[in-house]
Every structure is written in structure tokens, then in C-alpha cells.
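First up is the structure itself, then whatever we jot down about it.
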Amino acid sequence: MYTALGLAVFTALFHYTIVLAINHYRTREILSQLVKAHNCCPPKTERPWDILGLVKIYSSTKHLLNETALSNVSALFKCYGDTYASRILTQRVYFTCDPRNIRHVLINRFSDFDASDVRAHLFAPITPHGIFAVDGAEWKEARSLYADIFSATRKIFDLQLQEDGFQGLIKQIPRGQAMDLAPLFLKLVLDVNSAFAMGTGLDTLKQDQSLEKKEVAEALMYAKKIMARDGFLGPLHYLLSRKDFYAACETVKAYVEKVVRKEMTAREYQKQSNAATVDDERQKRTQSLLSRILDNTNDVHAVRDAVVTILIAGTDSVASMLSTTFYLLARHERVYAKLRQEILDTIGTEPPTYDNIRKATYLRYVFNEAMRVYPPVPFNARTANRDTYLPAGGGPDGQSGVLIRKGQRVIFASWGSHRSTRSFGADALEFRPERWEGLKSESLGYIPFSAGPRVCLGQQYALLEASYATIRIIQTFERLENRDVRPWTEKIGLNLSNKNGVLVELVH
């Protein structure tokens, strides 16, 4: 009996060993073919002696706490080149700002890289079925809820909604004194986007904001703050309590789900009663993103997560764009004067139309340049889901390919690619909107809204929203004067901003 059992165990182990050997051989063959086909060579390595990657973690954490993470990124690329390898907790990680590699990861070899493992743990608690928390078929399904809607910006861009937001903003701007525009921009965009997304705004600029909406807005802000913190702490975030974070996520989800169910009930009632008219509140909801998504699905959780995704991603990106733009305009009087003259000459002092905004060429240059100098998302990451490669960065001269093993992470830095003198000239660190006259950004690693299949679907809507607010402010105020002598200091959240805000005086 024991002999038969021993023979069976031996046979099983033998077969297992053979399978392992065959798989190992096949993997070596695949890797060999990749190396030969793309001339792969090892890139330069940051601290090759730091085998466990502990020094890297210490250094990165120190720079993050000292608010010098971005200057450190620039220094590392200057030292090791546009692509280099490092180790973080024994894992080999690749950093790149080479436009060729960025396009490769986001576009050419999109299917070789996943995003969810990088950020799913951040977004899943608040949008478990949203596009930032999933990959593959589930990602395609979640993204499809937005695709057709955002492809028709003229149809969904509500000019009156934008004007209402501006009127709420203007009431908060004092005459004859300095003020920080950054928190006002955040409130403006949150109010407009929540009204667009749900048909009912969170009213953060209003004096009579309800307690419920105040709690939801605060919960949303807190959740985003913790998501940003945990994103930069990486695995270390598990050492910190997330109890309050989870509670904030539930507050946001519960409120949005209540709005979703209310709209679904109203739809069903109108369908059954054949009601010809609706009240003002319902009319607003029928024009909202929520209502348009409900035209495609009745999955409550999918709709809820789609709406919450807009509240998270859409709010921070537009608020960051506005704050960065006005920070720079306050320090470049010539640009502000030129932009104001274009607006007055082509639009006048009346609220702009959709076509007015689309034709504001110099304004688009200003936004492009602001997002180039201070990228909204200074770095991002993808994880290889198979053995693959990068087209550049290997070898002594950095012109060979780089082998990327399955499970290894590639971190690409728009902070580096947007500020590259090779792409944007010797004055790449200067704010000069005129550089965009005739400049094609496709091959320059310019990715303020990402690129490829994961490109931001709402980028045109975001630009329209930021444009409307900017035009109305510049129409109203003759001058924008800087009132802050402090240098720009990084504040890395879900989007990049200046820690010191936008302290200015707006002069009629």
C-alpha cells in the first residue's frame, strides 16, 4: 500500500516538475524573442546596491513630506536619463518621461498594461464599479456609459448652468482686497459638476446650503484627500486607519444612490401616468448626466458609480486647471492683457456662446501652456499584464529597448515630458502660450488628459467649463494682480496644485 502511494506521489511530482520545466523553457524563449526583436538592454539603475528598495522608499517619503517630490523627479531624470530602473520593496520599477515610451504604454501597447491594480484600492471604496477601479471587459462596460454622452459636447454643455455658477462665484469675490481663488474655484466646479451630474447641485457657494449637502461635500473632499495620501504611500497606507475614509465613501455613495433612485422612481411614475409636464427640479434632472446614463442602463450601482466618478475626476481636474491658469496669469501681466483683449474683441462683455468658446484660440494656448508647465497629473503608472517591452531607455545611450516582465510597473512622468527642453525648447520652464502656435503635441509626451483608449472622455467638456469661467472673470475684471511673494510649492493630491493657493486681487 505504502509503495503504491509513494509511487503515485513520485509520479505526480515528476509530472509537476516536467510542466514547470516546459513553462520555464517557453518563458525563456518568449523573453529571448522579445530581447532580440526590440534590441532590449538594461537601463541605468538608481542605487543598484539598494536591493530591498528601502532607501528609495525613505528618499521618496522624505521628498514628499518636504514638498520637493517633483524637483526630485527632475533631478533623477537629469542624473539617470529619461528612462531608468529602481527598486521599491524588492520590486523592480521603471521610471520614464520619454515620449516614445509614454505613447507605447498608453497607445501602441495599451493591452499589455493594466491600470486597476495601481489605483483600484484607492477608488474601489467609493466607486467599486467605476472606470478607475476596474480593467478589461468591466472597464469597457463602465466606460461605454459615458462615451456617447461626452462625444456630443454641444448638446450637453449647459450655458445657463455655467452662468449660474459664475454668478455664485462673483458674489464671493471682495472688492479692493486680496483673496485666494483656489478654494473658490473648487467650490465653483463642484457646484456646476454636481448639478450637471445629478441635476441638483451641492450648493457649496450658497449661504443657504442644506446640512445634508454640506456633509456630502465635506465627505467627498475628505475621501479625495485620503485617496491622494494613500496613493503616494503605496503599501504603507495599510499601516494607517481608513475607518473615517470608508465612512466618508459611504456618505457620498448613499446620497448619490438616493438621487439615482429618486430619478428612477420619477421616470417610472411619468411613464405610467403619461404626465406631459414636470416640475422645475425634475426638468433639471432630465437634462443631467444621470438622466442620460439612465437612458442606457437601470443598474443602480453602475449609474451611481458613474456619477460619483464625475464628481471626483471632473471636479479636481477643472479646479486645478483654473487655479494653475490664474496663478500664472497673475504673474504674467502681458498674457492677461492679451487674453483680455482677444476676449473683448471677439466676444465682448456678454456671456459667451458655445461657438465663442470654441473659437477662443489664445485662451486654448493659455490652457495648454498652463497644463504643460504644471501638469494636472504629474505622474501615473501601469503594470505589465504580460512580458513586454519599452521601445527606448535601454543601453548606455538609452536608445535600446527595455524588457518589462509581467507584474513589473512602469511609472511615466508628464512632469518630465511636459518640461523637456528637447520637446519644447530651451525655454521649456517658462510660461509662454505663444509656443502653441502651430505646435503639434502628439509626439511630445504632452498628456494633460492622458492618451489612447483611456484618454479622458470629458476633456472637451472640462476645457469648455474652464473656458466659460475664465472668459466671464476676465470680462469682468480689467486687471489680475499677484499678492503673494511666496514661491510655487507643490501640493500633490489627485491633481497637482500650489500649496499656497492663488492669492490675488481682481481689479475692475
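All residue numbers here begin at 1 and follow the chain in the order shown.
Keep in mind that glycine also has a Cβ here, set from the backbone N, Cα and C atoms.
Among the features that Swiss-Prot reports, N-linked glycosylation site is placed at Asn66, Asn72, Asn495. As annotated by Swiss-Prot, transmembrane segment applies to 5-27, with the evidence given as sequence analysis.
In the structure shown, across all protein chains, Asn495 is the one of the glycosylation sites Asn72, Asn495 with the greatest number of other Cβ atoms within 10 Å. Listed in sequence order, there are no same-chain residues at least 6 apart in sequence whose CB falls under 8 Å from the CB of Asn66 (N-linked glycosylation site).
In the three-state DSSP scheme, Asn66 (N-linked glycosylation site) is classed as coil. On the backbone, the CA of Asn72 (N-linked glycosylation site) and the CA of Asn495 (N-linked glycosylation site) stand 18 Å apart. Secondary structure at Asn495 (N-linked glycosylation site), taken from DSSP and collapsed to helix, strand or coil, is coil.
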